[in-house]
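K.L.:
Shown below is the structure under consideration.
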Amino acid sequence: MNIVLFGPPGCGKGTQSKRLVAERGWVQLSTGDMLRHARAAGTELGRRVAAIMDGGNLVSDAIVIELIEERLPEAKAAGGAIFDGFPRTVAQAQALDQLLLDRGTQVDSVIELKVNDEELVQRLVKRAEEEGRPDDTEDVIRKRLEVYYGQTAPLIPFFAQQGKVKAVDGMGSMDEVAAGIAAALEEK
């Protein structure tokens with residue numbers, strides 16, 4: 001099963017993704033983690049990633065897709081993949097659909113974690129304080145939310161047209177959200 005965990009910064013994607021990995025044995029495909037790992041590994045692809053990132057540039061969709069492609073056999077063997085932080089644009093979603101289709105599989109479900117903006121801001125401010133991120137001010141966090149709603153949220157209609165979006169209330173406890181995700185994954 002291939003699922004996309006979707007929602008704004010602070011909605012709990014990373015937390016719930018790690019939980020699904022622990023409970024179901026699936027592979028988490030977090031683009032941020034994959035970029036850092038590729039860079040640290042020093043492979044040819046990793047050196048390309050490092051050069052791009054060191055130049056202050058965004059890594060292209062093609063390279064991100066290449067990183068995902070490298071991990072798909074592992075995900076297949078594990079029985080599933082959790083896409084966390086990808087796709088972020090319709091172009092990336094189309095590329096992911098094609099990549100999976102070429103391998104005889106697909107995105108099975110898109111779990112949209114719904115959390116109101118004020119709760120998101122509170123969570124992110126708290127996380128910034130706990131993790132010592134002085135740059136994550138409330139203004140910066142609100143800007144990140146604006147970017148999400150402007151650039152990433154338009155993916156919901158893309159996947160909704162395919163009948164794959166399942167909304168889950170992300171306002172509860174971690175256990176309540178996990179139960180909501182489990183129920184959504186059982187829906188056909």
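Even glycines carry a Cβ here, placed using N, Cα and C.
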K.L.:
What does Swiss-Prot list, out of Gly55, Gly56, Gly172, as binding the same ATP as Gly10, Cys11, Gly12, Lys13, Gly14, Thr15, Arg127?
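P.N.:
Of the residues offered, the record points to Gly172.
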K.L.:
Measuring Cα to Cα, how many Å separate Gly10 (ATP binding site) from Arg133 (AMP binding site)?
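P.N.:
Per the Cα atoms, Gly10 (ATP binding site) and Arg133 (AMP binding site) stand 14 Å apart.
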K.L.:
Six or more residues beyond either end and a Cβ under 8 Å away: which residues meet both conditions relative to the region 'LID' (126-136)?
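P.N.:
Hits for the region 'LID' (126-136): 10.
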K.L.:
Check the DSSP secondary structure of Gly14 (ATP binding site), expressed as helix, strand or coil.
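P.N.:
Looking at the DSSP assignment, Gly14 (ATP binding site) belongs to a helix.
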K.L.:
Using DSSP and three states only, what is Asn57 (AMP binding site)?
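P.N.:
Assignment for Asn57 (AMP binding site) reads coil.
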